[in-house]
Amino acid sequence: MRELYLKAPAKINLALHVKGLREDGFHELQMIMQSISLADRIKLKKKSGGIIVKNSHTELPTGRENLAYQAAEIFFKNNPEINQGVEIYIEKNIPIAAGLAGGSTDAAAVMKGLYLLFELEYDLKELRSFLENIGSDVPYCLEGGTVYASGRGEILEELPFIGEKYLVVVTPAFKISTPEVYKLYDQIKGYDKFDFDSVQNNLKNDQEIDWELDYKNDLKKAAEKICPEIKEIKDIFKNTKAEFTMLSGSGPTVFSIYSSRELAEKAAARWPRKNDFVTVAKTVPSY
Ligand code: C5P
């Protein structure tokens, strides 16, 4: 195989609970992750040597700071018998630094893609442990789906797929620094009570999601303080007949889930804030 095309889906969080600050500086988390159809497209092409990253977005770095580059570097280090290189082209559709795991999903796709391109077998567990070094969300992005993630975000338990649901994803033109949100979270904290067990039970045992349970995001207060536009976006969503609205990850992306595709499309078509990234997507199962 000389080249390969891959899809790298974005994720949203349906719940995000911060349990506390760990000694290593990361936070102990409980999260429900969900993949969505909004995706980057990646092309991998064999080269005589080296790693080259190209992309459709001028703001994205193409060197070592790019997580996809780091994934390729780890791949070649762990497979020294390969004496070729790769050119990676990323068609960037997922907003950057938006709480949608855009960089993480590219890295996971490149890692999996390189094993396919060079026709090597891989062990999923091993791949996840390689990817943990790139970022907390990257192991999840290898297969996606509806997942309970704990630890830093790298301990994964697959849940039943929540089914195909339509949503509108809105990202203001404001890049949020995740460490900054966590830093502010440490000062102001999140919700006083968070019944994560009930959320997990609901997803494991019931046919329908009970949005009245603690489907919420502990990073909300901190993210809204840093980016007040989040609140404005939520206020607009309130008048769109959404079933559920929440901040994804550390933001600033806000999404709303609708009972039908038509309602989602109507909300997106009538979106009044012209500088926001707005798209209709649907939830997707593990890939
Ligand atoms: O793991 P990742 O590189 O994506 O994390 C980015 C930043 O988010 C970390 O440097 C840290 O500030 C914060 N973070 C955290 N606890 C986690 C995950 C991320 O504090 N579990």
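Keep in mind that glycine also has a Cβ here, set from the backbone N, Cα and C atoms.
Feature list (source: TrEMBL):
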ACT_SITE  Lys11  active site
DOMAIN    66-145  domain 'GHMP kinase N-terminal'
BINDING   Pro95, Ile96, Ala97, Ala98, Gly99, Leu100, Ala101, Gly102, Gly103, Ser104, Thr105  ATP binding site
ACT_SITE  Asp137  active site
DOMAIN    195-274  domain 'GHMP kinase C-terminal'
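There are 23 other CB atoms within 10 A of the CB of Pro95 (ATP binding site), with all protein chains counted. Surrounding the centroid of the Cβ atoms of Pro95, Ile96, Ala97, Ala98, Gly99, Leu100, Ala101, Gly102, Gly103, Ser104, Thr105, where the record places ATP, the chain contributes additional residues within 8 Å, namely Ala10, Ile94.
Within its own chain, Ala97 (ATP binding site) has Lys175, Ile176, Ser177, Thr178 as residues 6 or more apart in sequence whose C-beta sits under 8 angstroms from its own. Mapped onto DSSP helix, strand and coil, the domain 'GHMP kinase N-terminal' (66-145) counts 41 helix, 7 strand, 32 coil. Taking CA atoms as the reference points, Thr105 (ATP binding site) and Asp137 (active site) are 8 Å apart.
Between the CA atoms of Lys11 (active site) and Asp137 (active site) there is a gap of 9 Å, rounded to the nearest whole number.
Around Lys11 (active site), a 10 Å sphere centred on its CB holds 28 further CB atoms from the protein chains shown. Reported as a whole number, the C-alpha separation between Ala101 (ATP binding site) and Asp137 (active site) equals 7 Å.
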